[in-house]
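Colleague: According to Swiss-Prot, the Zn(2+) binding site annotation covers H179, H181, D192. Taken from Swiss-Prot, the feature domain 'MPN' covers 108-230, and the record attributes it to sequence analysis. Among the features that Swiss-Prot reports, motif 'JAMM motif' is placed at 179-192, with the record citing sequence analysis.
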Amino acid sequence: MGEDLNIRIKDLPYEERPRERLIKYGPQVLSNAELIAIIIGTGSRRENAISLAQKLITEERGLKFIVNSSVEKLANIRGIGIAKAVKLKAAVELGRRLMLSTQGENFSVTSPEDVINLLMEEMRYLSKEHFKVVMLNVKNKIIAIETISIGSLNTSIVHPREVFKAAIERSASSIILVHNHPSGDPTPSREDVEVTKRLVEAGNILGIKVLDHVIIGDGRGISLKEKGYYDFE
């Protein structure tokens, strides 16, 4: 689209308007900015919806800016406001839920890569550490995935009581621990290994086996079991 992006979208040639392009060709042909423009619906007095969308996802920011930003932070951007910010966050959350419902339902875990692939896009851009528990039945199929804590991972924040309460309520046979490193580097810290040790020991007492601890970075993940950081047997 080589037109001046400050002109109103309705003044663009019919075949260049994002909504009409989506109807005719499908969503896969639209740019990220065009898809965002459809979500926010309108621009501002200064710029149209496409120009506004491009400002949101500059090369430095990318799509992860929308994922990581709060409603308030998005709303403070000129031309966005509360209504558009809420639409954007709702779209992100729907995408996250759809991904989990289609990939997680009756999903059998056969390797650490299964968990990494399942949670990578949800967790790779998070600005804080999120500690999750993947709960499995006796056939290693996912029952549920629950966020236990948000913040720097340490033994005071991740308490066995909270971890295994969720697993017991779901009648889980075993669990896999998962958390992200906002730095993008999934290499385990000493604290990561200490948390793992504590939870494995608690699981052995309760009869709920901790199978692994997976750390998500930016585009790659690490299994503490696979890499030999801790003996889960």
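Cβ from N, Cα, C; glycine included.
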Colleague: When secondary structure is assigned with DSSP, how many helix, strand and coil residues does the domain 'MPN' (108-230) contain?
Modeller: 39 helix, 36 strand, 48 coil
Colleague: Other residues with Cβ within 8 Å of the Cβ centroid of H179, H181, D192 at the Zn(2+) site?
Modeller: E129, F131, L153, N180, P186, P188, S189, I215, I216
Colleague: Return the count of C-beta atoms lying within 10 angstroms of the C-beta of H181 (Zn(2+) binding site), excluding that atom itself.
Modeller: 22
Colleague: Enter the number of other CB atoms within 10 angstroms of the CB of D192 (Zn(2+) binding site).
Modeller: 23
Colleague: Looking only at the domain 'MPN' (108-230), report the model's average pLDDT.
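Modeller: Reported value for the domain 'MPN' (108-230) is a mean pLDDT of 91.
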